[in-house]
Structure formats: C-alpha cells, structure tokens
Amino acid sequence: MEKSAVKKNTRIFKYTKKIIAVFLFAFAAFLVINVIWFFLSKRGGYSVFPIDKGWQIKFQGRTYSNVSLDDKRFINLDSKKNDVITMKKKIDIVSKQNFQNRLTLRVYSRLSSLRVSVIEPGGKEELLYYYGYDSDNYRTKDFLGSGYHFIQLPQRNYGVTLKIMEMASEDGAIVSLPEVQITPSNNTMENFVQERSVGTFISLFLILAGAVLTCAASGLCFVDPGFVDLALIGLFSGTSGMWSFCSMKSIELFTQDIRVDSLVELLSLYIFSIPLLALVLRTFKKISAFYKISFSLSILLDASLFIAAIICQRLYIANVNVFLLPFHLIILFDVIVLELMSIKYWRKSSLSGKFFEGSVIVIIAATLAYLIYFYFSKTNGMGPNILERIIIPLELITMVVLILIGYVLRLYEKRYNYEERAKLRALAYHDDLTGLSNRNSGEETLSALDSVNEDYLIINMDLNFLKKTNDKFGHAGGDLYLKTFGKILRNVFSDAGIICRMGGDEFMVVYDKNIMDEGLLEERFERMKNLERQTSASLPINITVDAAYGYAYSDELKDASGEDIYRLADQRMYQMKFESRKGRGEC
C-alpha cells in the first residue's frame, strides 16, 4: 500500500513539474512580449487633448457653467433612475493633427444610457452615437453595464459644441461626471492599452495560465485524483484573471459590447472564490469543524448566488448587479474566517501551508482594498483607476504564485513523508538476514486472510540441521544456511503472494489457490529439493540444506481463519519432519 502511495505521489509530482514548467515558460514569453511592446509603443508617443474644463452641466433641473470634470460639486451624486445629466462643451482644439487625422471621443458610462451629438454654430444638432436608448426616444434598456464608448468625431469639428447626455438606468447609477477624453483616432487604442498595460498583461496571463492548468489537470484527474488541487488553482487563476481583465475594461480591446462585457465581469467575480475555498478545504484537512462548515456554506451560497444571478437576468426578474451586495457580504465573511484560520494554524502549518496562508494575507488585502474602493470611492463614474488597473492584478498574480509554490512544496512534503514511511515499513516488515518479509508481515497477512473471499494456500517450512550447523560452524554458518535457503525460496516461489521468515528456522509462503493447485505445487517442491541438493554441494563449508514442509488449503476447513489454516499446515510440516527423522533413525 505504501509503495502504491509513493508511486502515486511520484506520478503527480512528475506531471506537475511539466505543467509548472509550461506555466513558467508562458509567463516568461508573455513578459518579454509585453516589455518589447511597451518600449516600442512608448517611443511613438500619443496626444491627449485637454477637455476637462469649461463644461456646461445640467442635472436635476439646475444648470452649472464653466465646470471642471473633477468639480467636487459633482462627486457622490445622488442620482435616481432616469435622471439625465447633460454636458456641453465647445470644441476648440487647434493642432496640425486636428486637420490631418480624425479625432475620437472616449466616454466612460456606469450603468447608464449615453447619447453623443454635436451642435453646429448654426444650431443644427447631429447625432453621432447612442447606447441604451431606443433610436427614437430616451427610454433605457434593462441592464446596460459599465464601460468605455469610442465615438469618432466629424472631420470638420472646430467650433462645434459637443453634447453628451447620460441617463441613469437605476438609482445610484450616476455618481460623478463621466471620464471624457479626446485623442487622434490612430492613437486611441494605443493610449487605452498603455494606461492599463501592466494589468492587461497580468490578467491575460492569469486567464491563459488558468486555462492550461485547468485543462491539463482535469485530464490527468482521470489518471490520479491528486490533480484536482491543480485544476482548482487553474480555475481560480482563470476566473480571477477574467474578472480583473473585465474590471479594468481591457476586454474592450476584443469586444465593445459593454452589456456582455459587464455580465462576464460580474459573473466571473461571483464565481472565482468557489475554487479558492474548495482548495482551502482540500489543503487544510485538519482544521476544525467550524472552518469546514463555514467554507462549505460559503461555497454553497456563492454557487447559489451565481445561478440565481443568471436566472434572474435571463428572465428579466432582476439585473445581475443587484447581487453585488450579498456577494460582498459573503466574501467579507470569508475574509474574516480565513484570517481567523490563518492566525490559529500559522505556527502548526508546514512550509507549504505557510505559503498558502501567505496568499490568504494577499487575499485579505485585495478584498479590503476592493470593498473600500467600491463603497467609499466618490469617483466611480471616472472609470477604472490605478487600483483596478495595476494593484489588484498584481495582488491576484501574487496569490496564484504563492498558491502554486505551496502546492509544489506540499507535493515535496507528501513525497518525502511517503518515502520515509515506506522506509520505516520496510524496517518493520523486512528480515535483513534473508531479504524476505519478517514475522510482523506474516502475522499481518494471516489476519488479512480472514476477510479474503477467494480460496488460498499456506505452506509452512522448517529447516533441518540448523542447530547442528550453528554448533559446528558458529552463527556465521547458521546465517549462511538461512540466507541460502531464502534465495532458494525466492527462486522457486517467486510468484507467491508473500514469502516470509516467521522466526528462527521457520518460513511461510502464501498463494492464491487458483494460481497453485496440488499438481503444480508438487512440481515446485521437487524443484526446491533439487536446488537444496545442488546448493549444498556448492557451499564453501559442509552444510546440508534441507527443509521439511507442510501445506493446507483454506477450503479444507469450514469457516476457518488464516491462523487455523496456518496451524494445519504447521501440523503437516511437523509430521513430515518426524517422518524424516524416523527415516534417518533419529527417533
């Protein structure tokens, strides 16, 4: 059993090393590509035209002139559903680029509809873009999400007035003036990427690494269930990376369906704690019932919330974002329980456990930073900030790396423990002199036979002349006799279930009856006797190798235990020994 455990752990370790090697190679490749791209793109440079001042704002029946986008009067706005904030500003951008290249307006909206138009000096208004509105009126759709809108301005735009209308799709949707930016069209996405290059690189890596780890480990789970932990790490990496990627709006590099992007962001947020908590339960199996119940309950609640969010959104019962508050309460509870567990078990943890608990500290920091920002930031309408673009992605990859290190160290520890136990077991069940199993192993085998449904065979053997050999040649001669007979047994009964030295000059062999019938058994005994004679003639000292034997099948006695069959074989062995002595005239 120990041998199979060692082989199992060795197999897991071998495959894991290959998977981790792929993980590290992918990380290095992504890092090199990101650095090269960063410096090449930086060299080109880009322009951002300042339009943060001089706005006319109309909100809740009041009009404000010459407003800056960071005006404190428009921070933490108390907006209601269908409230409209209207922003106007005359475009007075004059540059060579303005005439040689189209300009692109970038606007961030939070759970709101958006209409963008330009008003010519003569008063004619031209609609450029709308999102969340029906084409002919101002009614909003159900769930709009949050994200960036990229609107190309007309070729001739100097002197026109830019008009932006944002309508709240629910209470509290508009919390501040939106982020607004104008750049040359050919630099728009370059600007967008450079602002979040670090976070984008990390999030993409987490997604791809998570996919590799999950797919590879999931396939290997059929080979060995020990790969479930690695699959959970992959799921956590992939889902947390996807949430971060969507949260900083880097997903808009690939798709600008803001509604779908926001759905993916929220659903990945709701689910990514599940594999992490499952991993905690599998890693810390000796924690108290309180922690096990707490984490199991959280997994159940998170899964229920995830399913409920999908169903409610699909059936138009409630928007997916209304589940944020219960999710935040669950995750806050998880953080508190994780911290209590970490404090309680830190000193008792192994090195691998300490790495995992180190990731718990990072989890706590990331969660608290996220919750504080979400509930206390007064500029949510200004788009993702440095917390979402850099700090949280760095915390996430730190967590994944620490968990992976802890996982690999845990494999090392298991492998070492298995090997040490195997060595101790070998010492406890191995006879050093003959190389056979010892009495402990034999007695354990006899006990195990009581629960075996198949018929079996027990052979009991006892050496002749061992005392005479010891008297004549000393213990060295006796040891040689025992070693020699042990080699003969391994040669003749190599396919036996067990061959053991029961003590002194007594040996036992156990077979499945289906393998060894009486006809084949007699052939083996004849071969053993031939080897005894051949070996006796070739030994350096005059030792006669000879053994008496007796055997019994389990079906000879009704409801017999292993000990009963062993005693029956022992009686027959002594009968043969008596007849052998009688034949030599010793009786």
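Even glycines carry a Cβ here, placed using N, Cα and C.
Copied over from TrEMBL, here are the features:
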TRANSMEM  20-40  transmembrane segment
TRANSMEM  201-223  transmembrane segment
TRANSMEM  230-251  transmembrane segment
TRANSMEM  263-281  transmembrane segment
TRANSMEM  293-317  transmembrane segment
TRANSMEM  323-343  transmembrane segment
TRANSMEM  355-376  transmembrane segment
TRANSMEM  391-412  transmembrane segment
DOMAIN    454-587  domain 'GGDEF'
Worksheet, complete the sentence: Averaged over the domain 'GGDEF' (454-587), the pLDDT of the predicted model comes to 91
Practice prompt. Count the residues of the domain 'GGDEF' (454-587) that DSSP assigns to helix (H, G, I), to strand (E, B) and to coil, and report the three numbers in that order.
Written response: 74 helix, 28 strand, 32 coil
Discussion item. Give the nonlocal contacts of the transmembrane segment (323-343) in its own chain as ranges (CB under 8 Å, at least six residues past its ends).
Written reply: 266, 269-270, 273, 277, 280, 284, 287, 291, 294-295, 298, 301-302, 305, 308-309, 312, 357, 360-361, 363-364, 367-368, 371, 374
